[in-house]
Amino acid sequence: MKKYKEVSIDSTTQQMYERAQEMGIETVWERLEKQQPQCGYGLLGVCCRNCMMGPCRINPFGGEPTRGVCGADADTIVARNLLRMIAAGAAAHSDHGRHVALTLLIAAEMAEKFKKEGKPVLELDNMASNTLPYQVRDAEKLKAVAERLGIETEGKTIRELAKEVAEVALHDFGKQDEEALRFLKAYLNPKTYEVFETAAAKAGMPWFENGILPRGIDREIVESLHRTHIGTDHDPVSILLHGLKTSLGDAWGGSLIATELQDILFGTPQVIKAEANLGVLKEDYVNIVVHGHEPVLSEKIVEAAQDPELIELAQKYGAKGINVVGMCCTGLEVLMRHGIPIAGNFLQQEMAIVTGAVEAMVVDVQCIMPATVDVARCFHTKIIDTSPLATFPGAIHIKFDERRADEIAKEIVRTAVENFPNRSKKRVEIPKEKMAGYVGFSVEAILKHFGGNLKPIEEAIVEGKIKGVAGLVGCNNPKIKQDHNHIKIANELMKRDVLLIGTGCWATAAMKYGIFLPEYADTDNVGPGLREFAKEWGIPPALNMGSCVDCTRMLVLADLIARDLNVPISALPVVGSAPEAMTEKAVSIGTYFVASGITTHLGIVPPVLGGPKVVKILTQDLYDIVGAAFIVEPDPYKAARLMYDHIMKKRKELGI
Ligand code: NFS
């Protein structure tokens, strides 16, 4: 068993971990310990289970066996395994994006149907009617996206535009022609487009038509599975090139669609103050934790929790009201748009339940541990699964249907409220700590803040007040003390005057330690140039750009700067980092950052070390192919140094 200080730097996690130990509740850290020693072949990526002649594994010390039964060597196996990870990550993000596009389409079609049935016409044409389960909250963004996509907007209603945008998005998933994705073409600057077009030829594989430009979001994911089937693609170069292409289908397709269409449906985030950490749970309220990724659900739960009837019911049971808080990325979605407090990042999902104060944890998809059900059994907490594609044994299943979203959301909230009397007051212990911070830095909000363009940031970079920008992303991983590397890397970069932007569980970590407060700029963790810049503009030294699909906001921002300077993204003094990476989605993000021209650090060594050629491609050769590559470094101090060096190298190349 670990000491509580070894698992996290977050005192709320430490307290709840200690509590779990006292109560004999098994958590992620015990399960990790029971897995020790973890399989060396797996860690190096040299085991193959892609056919039933296997499983095969390669001797990592150079002796026999050097090949699998089919003859695949270590590099082929490592590359194939990596491609499958990228494909799974891209699939998760993109299926989320598809779901949002379908929701927009469903809403537009319902508006059409209601209109035909004679319901109030104007409201339905504007898609502002609350007879619809989902409305268009940001019509301006809808028009902007439509215009970018080349859709004629003149004389069309919001309803017609919403339908057309949803259809273009859905077409990008399944189209079969060789053209690049329409969303990619609409968003990417021509210089970076050219990099994608010529990348494969530069890698010696000119038969990749259109280079690494993704053609169909689903198509590239399917092709990843095809290529890695026994007896198909064996060259690590072509396997990895297809990995870049698949990840770009995620970045400039699936994830981008998720972000943009969510903004249309739920509103584009604007700067707002909110709170983070387990202290946001309230002792005398019904606590509902929304956990997972898709705001299509969490938005509705937030709405339903404001229903006077349900609040009254909660009061009847002796609660003061209903308190909805977030966890992981769906938490970030409602945090960014409504300032709903976020209870924690990935490693706090079990900890939230251990407080004994959670009536329901409402989950949809991704990053939800099945163990939450086991922990919940020790308390009165109900785990409610809602997605038809994610069922948790032992949970309550209230499956979501967008057409009946309001009704189902109310049923879910009611289930939570009715569980309040089952709470044992004696067993409640909520850590006090929580932290305030400013969130909501969408690209639109950033542009607005800086007066309509990015000149102030660009000038500060040219002057050297800011040395560059780092995009920090990704998970917690119990192999690393929770949040330790997130915060160390952030501080080490800010000390060197690097402006931070970030998403996902990194963003929640940063918020918990006060980094999203403007006054953080006064601490010793921020260099003088960045301090001056942050103060001048009244911003924190790090900007929360949202959930993991919102990594596309970072790409769009980088792309805008690249456009202004008329260079590809790879020329910018910009780096990425996933200090505590854990998911396949993080692998896809890292890959699309690199493919888009942003050199990216990983704090967890991915399972590739068994393939020396693969390692060389990922960490060196990609510089010549896409202008960026991976840096792998578990030590946060060394990692920050390497990232800073990269920024300085890029500055020199730009002559600044
Ligand atoms: Ni991103 Fe969100 Fe967190 Fe990692 Fe999971 S919540 S999509 S994958 S663990 S950052």
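Including glycine, each Cβ sits where the backbone N, Cα and C put it.
For CYS39 ([4Fe-4S] cluster 1 binding site), the same-chain residues 6+ apart in sequence whose C-beta sits under 8 angstroms from its C-beta are CYS47. According to DSSP, CYS39 ([4Fe-4S] cluster 1 binding site) sits in a coil region rather than a helix or strand. The [4Fe-4S] cluster 1 binding site annotation in TrEMBL covers CYS39, CYS47.
Annotation source TrEMBL lists [4Fe-4S] cluster 2 binding site at CYS48, CYS51, CYS56, CYS70. Residue environment of CYS51 ([4Fe-4S] cluster 2 binding site) contains 15 other Cβ atoms, counted within 10 Å of its Cβ in all protein chains.
Summarising the annotation, TrEMBL assigns [Ni-4Fe-4S] cluster binding site to HIS293, CYS329, CYS367, CYS475, CYS505, CYS548. HIS293 ([Ni-4Fe-4S] cluster binding site): 29 other CB atoms within 10 A of its CB, across all protein chains.
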Which binding-site residues out of CYS39, CYS70, CYS475, CYS548 lie by ligand 1, going by a Cβ under 6 Å?
CYS475, CYS548
Taking DSSP three-state, what's CYS505 ([Ni-4Fe-4S] cluster binding site) in: helix, strand or coil?
helix
Around the Cβ of CYS48 ([4Fe-4S] cluster 2 binding site), the count of other Cβ atoms that are within 10 Å:
25
Have a look at the binding-site residues (CYS56, CYS329, CYS548) and report the one with the fewest Cβ neighbours inside 10 Å.
CYS56
Site of maximum Cβ density within 10 Å, from binding-site residues CYS47, CYS70, CYS367, CYS475, CYS505:
CYS505
For CYS70 ([4Fe-4S] cluster 2 binding site) and HIS293 ([Ni-4Fe-4S] cluster binding site), what Cα-Cα distance in Å is obtained after rounding to a whole number?
40
